[in-house]
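Working notes, structure below.
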Protein chains: 6
Amino acid sequence: MMNIGRRGVHYLHTLNNVPKNLTEKGQSRVIEASLTLIRERAKLKGELVRALGGAKASSSLLGVPLGHNSSFLQGPAFAPPRIREAIWCGSTNSTTEEGKQLDDPRVLTDVGDVPVQELRDCGIDDDRLMNIISESVKLVMEEDPLRPLVLGGDHSISYPVVRAVSEKLGGPVDVLHLDAHPDIYDCFEGNKYSHASSFARIMEGGYARRLLQVGIRSITSEGREQGKRFGVEQYEMCKFSKDRPFLENLKLGEGVKGVYISIDVDCLDPAFAPGVSHIEPGGLSFRDVLNILHNLQADVVAADVVEFNPQRDTVDGMTAMVAAKLVRELTAKISK
Amino acid sequence: MMNIGRRGVHYLHTLNNVPKNLTEKGQSRVIEASLTLIRERAKLKGELVRALGGAKASSSLLGVPLGHNSSFLQGPAFAPPRIREAIWCGSTNSTTEEGKQLDDPRVLTDVGDVPVQELRDCGIDDDRLMNIISESVKLVMEEDPLRPLVLGGDHSISYPVVRAVSEKLGGPVDVLHLDAHPDIYDCFEGNKYSHASSFARIMEGGYARRLLQVGIRSITSEGREQGKRFGVEQYEMCKFSKDRPFLENLKLGEGVKGVYISIDVDCLDPAFAPGVSHIEPGGLSFRDVLNILHNLQADVVAADVVEFNPQRDTVDGMTAMVAAKLVRELTAKISK
Amino acid sequence: MMNIGRRGVHYLHTLNNVPKNLTEKGQSRVIEASLTLIRERAKLKGELVRALGGAKASSSLLGVPLGHNSSFLQGPAFAPPRIREAIWCGSTNSTTEEGKQLDDPRVLTDVGDVPVQELRDCGIDDDRLMNIISESVKLVMEEDPLRPLVLGGDHSISYPVVRAVSEKLGGPVDVLHLDAHPDIYDCFEGNKYSHASSFARIMEGGYARRLLQVGIRSITSEGREQGKRFGVEQYEMCKFSKDRPFLENLKLGEGVKGVYISIDVDCLDPAFAPGVSHIEPGGLSFRDVLNILHNLQADVVAADVVEFNPQRDTVDGMTAMVAAKLVRELTAKISK
Amino acid sequence: MMNIGRRGVHYLHTLNNVPKNLTEKGQSRVIEASLTLIRERAKLKGELVRALGGAKASSSLLGVPLGHNSSFLQGPAFAPPRIREAIWCGSTNSTTEEGKQLDDPRVLTDVGDVPVQELRDCGIDDDRLMNIISESVKLVMEEDPLRPLVLGGDHSISYPVVRAVSEKLGGPVDVLHLDAHPDIYDCFEGNKYSHASSFARIMEGGYARRLLQVGIRSITSEGREQGKRFGVEQYEMCKFSKDRPFLENLKLGEGVKGVYISIDVDCLDPAFAPGVSHIEPGGLSFRDVLNILHNLQADVVAADVVEFNPQRDTVDGMTAMVAAKLVRELTAKISK
Amino acid sequence: MMNIGRRGVHYLHTLNNVPKNLTEKGQSRVIEASLTLIRERAKLKGELVRALGGAKASSSLLGVPLGHNSSFLQGPAFAPPRIREAIWCGSTNSTTEEGKQLDDPRVLTDVGDVPVQELRDCGIDDDRLMNIISESVKLVMEEDPLRPLVLGGDHSISYPVVRAVSEKLGGPVDVLHLDAHPDIYDCFEGNKYSHASSFARIMEGGYARRLLQVGIRSITSEGREQGKRFGVEQYEMCKFSKDRPFLENLKLGEGVKGVYISIDVDCLDPAFAPGVSHIEPGGLSFRDVLNILHNLQADVVAADVVEFNPQRDTVDGMTAMVAAKLVRELTAKISK
Amino acid sequence: MMNIGRRGVHYLHTLNNVPKNLTEKGQSRVIEASLTLIRERAKLKGELVRALGGAKASSSLLGVPLGHNSSFLQGPAFAPPRIREAIWCGSTNSTTEEGKQLDDPRVLTDVGDVPVQELRDCGIDDDRLMNIISESVKLVMEEDPLRPLVLGGDHSISYPVVRAVSEKLGGPVDVLHLDAHPDIYDCFEGNKYSHASSFARIMEGGYARRLLQVGIRSITSEGREQGKRFGVEQYEMCKFSKDRPFLENLKLGEGVKGVYISIDVDCLDPAFAPGVSHIEPGGLSFRDVLNILHNLQADVVAADVVEFNPQRDTVDGMTAMVAAKLVRELTAKISK
């Protein structure tokens, strides 16, 4: 039984005392219709970008409003609409720091959300839900030159997303993972899909060749052992001043299918991003993150921004703006 | 072009310089897929309730996250998930004041949201959007004994909802409308779908026989004239102590197809419901509203709760709890 | 030495070690220039209203941003611009509950603020400051048909305002005073101009014939004795349900020069007006206040709204809207 | 295993792998020292009041910062110091509405807090903790004329308090219980000391003859059945307008040892008291509560104010002021 | 027609249907009286400083509460009194980091505000308003050794201020401009006085020889082109780690009339200054700004601190304290 | 008479008109009982740790909820329970950055709070209170291997704590003091125990050999002179970039009894720690503080974390988490 956090999202009420057969048929039809809707939106956006022409890679937002695999609070389920609002907010212009125009659909489109809450309300379990997320990512990748830029949701979503990217491209990717935590427990509180276990699942599945974790400052002995077991490169904050020159000059992805970037907003110090579930002081500054991204040499095939929790944000939505700028600069990185 | 408020929802970027034909075909497929998804969810819930048996009328939530027809702020577009969260929040039990069990699907189900933001992002205009909302309401009503309990969204959504209810039932309904404002301008700031004009549209269309407006305390001369023109019964707050005995003993709906209740959260004094776009002191207490609802004699065929703006709520979500309790007590009123 | 509250207004730094003569001459010129500026603004507004014609009495806002005579917090010094912002805020229409158009200058004009902070920063003491406030009120009354509607500031300003009104009209007025406190100490913490003593000064000066105090719920034995001494009619909240019929049918001002209404925002229960320095539960509802005002039979010659403290308001400014609606309905009461 | 709420109080870490004998001896010494400290503070205050002379009954604050028996949030554990701060806050005078001086120790003294958190941190379980609370209440009652006015804490504390009062006085009392909930579950989530079960414990123990519950608006069928079983007089909010004349003229306690008043702050509508764990709209106004208290004819032997949750209060502590005024007016009721 | 932001300042209602002649004469008198009042305050402060003797340059605050030329929110119109409150707030001592005493009038005086809102309410348009601001700055400079330290307001005020400084000194100055944005659009949304265009006006007018822009991280291609066109030295944040040694050792103003420093509070990362209209992550730390200021070699003839928006500040006014410390350290830089 | 700040803690009402003899005897008994309780808790924890075995030094929390010696706000009196809550908060794991397990009692225990508020309410003055604090610290040190880690409270508590540590160890210690202010006034506002004077008392008493002050950025000429007088090593923020290599490689305590670390939370920039009474921009980052701590070579015999003010914290308690992480990393430093 899921433990519902105070400000969390309810697992909408379940379907009992009803012929299992009837329920299952209905669920299958709902799943199919959900995927059809995502396919049609992706298709329309793909047609649009191809008609405009000239883009080799363009990022396309896919929201995954899922918060129930968090071990603490479930607010990230509310994040995608808030990030979109902040992206287009009139307080800033629609240019990235290096000059790309975000309102050009060849740079950025949007295929909307996976209807996570409604699927759960229909009684669909996590095994099926993870598959639907993977399928949705593949539907975006189907529409060349769209590349998925996924808006979480808690960090559990990175597993089905990276899995889909790797499966679709036919091989592992390199993963640059910015986070306060390694999220690599074998299993957390009995939940193999926990947001604290997603990178264990990714590494087990062979979906990533290299995994670089940056910003780490809350790690247990299990976290360090799992890191060793999977050959993860863990860069802890207590040595960041030493590691900085290396991290601000990364070159990744050679010999594999490309690079995936997963940004947990709590990689930032809470001064820069208070709207997260896990306040862990001593993190990166926003400029540190941009320096790492701007100087990274890589073919970024997909990315995610996760764990923004609007229920912990400031009244004026500072962290929404932070998440939005991460999305904007990732867009700049992906599209070409 | 709508003027986007500071905390509003962005009209996601538009589709230009692309063959119109291509766009239109894609949009049609997206609309069709959206309605299919709502139909499947409604069907599953209808099958479930019928399998359980014994319900003559059971309310079914339908979210309409639409905020752009507001003249001031667009936050109501974020309301439906917050109201659902509050309905199932662990801080209260799942019984209505008169003793109905809300976790019994024969009392309350949920068919999810109309994907308003995603439809707009695909370039679908308000004429088509209003039709999609109407169609969605009809899809719920298709599944006897489900009755729609709509979660706004701004008040503009009441027009397509009441229209659908009336068309589906084959005649007008009586409407009990609780609000600080009459929302009956012929047209507001050039927008015929404005949240300030929805009841003009409803009355013009003949979808309501009687329209009772309760809680009114911000009304212009045009508001009063339109009221007279359409034969609206307007009960202003400055006379509420005199009108109270009448309003706490209403009997409605005889000779028509039933009664529709539309509750704008700002009918309440802002002390009781601060999370609204239009702070208008001098309103009803929460108990006043419950007294009116509890004593109303009527066959309530559908209802809505609109204009809750989570971006103006208290940190701990007091108004979300208020909106949720309105939904819960309306559920008690509808289901039987 | 004034005791500066945490969020208060600083008494800007004083002028020492300088020939007294030099300072006094400069201060006199600053006072004169301040009054000239208020006179010119009042004159312009008076000319405007007279040119439009047809008004017998029209209310004119005069801000008095003074907070240092408060015994607790000094935030009311910041109130006038916030009340003006709320009056004209786009979230409500510019009509009073009974239908007057506020954007008609014959109903409402504004002559701006007395530059209280700047006068104090120039070393002008409270004796002279109180006279400047009185003079400013008279400058407004000079411009027939303008009548002063004063925006406080803490409650100490009512003394120089009522004094000016009475002196200008040539006799006492009746005063309707809504407040949680009687503000009638002979002297509070050694300050005869304290916001807790203003009505002692008014009664001593013979500026009021009758003084009705409504909403009282924090009163000491001195408060009751002073009340008796001056023949004040004190209506305490613990008997409000009994007094209500009387208070909702007042007729005042016959045989005197008119009626003055002084509304301390804390007459309202803090549920309705949290943005005050003195949270005193158990007060009037907003509708209670409107019922008293709407049914009052009187020629209202001037009024004030005081003690709104924006530094204690909710994030979205609920109390600013409350203060603004009080101003709007007082405007309706004054202008004709 | 206790389920720790997000903003709750941690059950400080437990004592394992240590000889049980050693631990138990230490715990006994800590318990004894705790009670000695409370006894000495009560004694000093008792001596003081008796030395001043003339008091027949004077109320004495006893804080019980216990929040872990709440089913939802644990913030009430932080309440006692916040209520004390608000009682003595400079924003209001120290007189009750009917004129008693609170700064007279014959009216109000304070014996401090039961060190609940520290006892739990030493591994003391709830059975022993409840006894310590009862003992502490008796230590206050030992010091005639002190009568306990207990500051919660969650509502679970009313059980050991009422038990102590009844045991000390040698017979049952009448209990006036203001609350949104009946708190009369036989057992809630497996916890017989749950804040939702305290009145079941009280009635079972025979500590109360009559139990009147006022303000009820969240009640399940079990709540109503338990009410019948124990002969509880339950006054639900949906009939409050009808019950008001009765409730505003209560006479209690004849033939028993006196009257106990238990006020759960959530008896108030959340508009009046937002700082509670369980937001349940439709409650009493603050004046409603005062009218009931002021008109009650009774010898009030002890009282409590519980369930104020400072972690949900407004920034400026409105609910702390509300709880403080309840304490002040209860003090007026008790002392003589 | 100005587009009023949600929390903005209303353009107080206009003067219509009245003989233009009458209005214009009144407006001229109001303008003249406004300038007279500023002149008298400046004169008094100048006399004071000269009487004390020994100061070669002393900074004098001039508030310009103007927010309507902002493209997004208008809150900066409320900033000057909040900055003054924070400057004198009891939580910090009145010494600068390098040891100057701020309460010495030879270091810091204040001439109060330009009555911007009241001028606008009298119908005075932006052309005249900009001239009044320029005149006010000159009135301060008239009183040797006072030098203007201007408190905005939005950034549009820098144009009339720098213009006045340059005209008064008889030649261009060097400008050090700290900001997230270059504010150098030729014209923004049709407004040549827009806060996004002030530096285009300054450069066109020849009021600045060198313009150094530091902290830039939101810039469009037009911003870069305009920068080139006017020979602006733009230091973007993405290269700040490289530029730091240069920027922390600036020497400016040789061969011109002196140096002007314009600090837009949003040059800081929003972590350090959340109370701004335009949240743009990735900015300077507070210490970065101080390092630049402290090490700057220059004769600073005037300065401004703009774009602090109190309506977006934290509840406890962190950004007000930040703006105040910028003012304090600028004061240290100016006065000698 | 102490001046009570708006959100401060009331000096609970005093004991007058009573035989002095009677009062003094009662106070002595209360003091004795308080110390007995602390002794018993320390003893139990000491026995526990020794029974578990293997620890040479283990840190033990002692709360000192004292806020009345602050010159501005008194909120730090509420800090200890909030810091404990944050230490054990489920949002982070219980491992320090370098890998120690905090839930091992050999690493961290807790002896609860000195009952400061209750002692003051019983009329105990500051001379006796300071002695009680010193005695309490010694009671912890009595129980080898416990070492005190004190939770303030305002900074005045460091004086009695350091005094006790030095007296107990029989000689001076070296003190590493992180703070925005030197707290070394001879006397502040007439209070020798002021939080602004604690280090003057410590140096006068000879309790510290070296005193290093890091993070200083608000210092008067008296602060610098007192620093010289006592041979304090003051490292000001304006030179931090130069001093960093030295400060990140400290070696302290050789030839004395050990090292004491005192962390005033306001050593951090308010961006990182907004919940403090004295907002002083331009401070250390959280990582700067950790770098200093992690690289310090020293035998840390005791420490404190002071001046966290929960009444100024963000809604979600960011600064509580910051204070808690400081406590956690100090625990790692102390225990071995």
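Any Cβ shown, glycine's included, is placed from N, Cα and C.
Features of the protein shown, as given by TrEMBL:
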BINDING   F:H155, F:D179, F:H181, F:D183, F:D264, F:D266  Mn(2+) binding site
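Structure with TrEMBL features highlighted.
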residue : record              : DSSP (3 states)
F:H155  : Mn(2+) binding site : helix
F:D179  : Mn(2+) binding site : coil
F:D264  : Mn(2+) binding site : strand
Same-chain, non-site residues whose Cβ lies within 8 A of the F:H155, F:D179, F:H181, F:D183, F:D264, F:D266 Cβ center for Mn(2+) are F:H177, F:A180, F:P182, F:H195, F:C267, F:H278, F:V306, F:E307
Cβ density check for F:H181 (Mn(2+) binding site), other Cβ within 10 Å (all protein chains) comes to 26
Whose Cβ, among the binding-site residues F:D179, F:D183, F:D264, has more other Cβ atoms within 10 Å than any of the rest?
F:D183
Are there any residues in the same chain, six or more apart in sequence, whose C-beta is under 8 angstroms from the C-beta of F:D266 (Mn(2+) binding site), and if so which?
F:D179, F:A180, F:H181, F:A273, F:V276, F:S277, F:H278, F:I279, F:E280, F:G283, F:E307
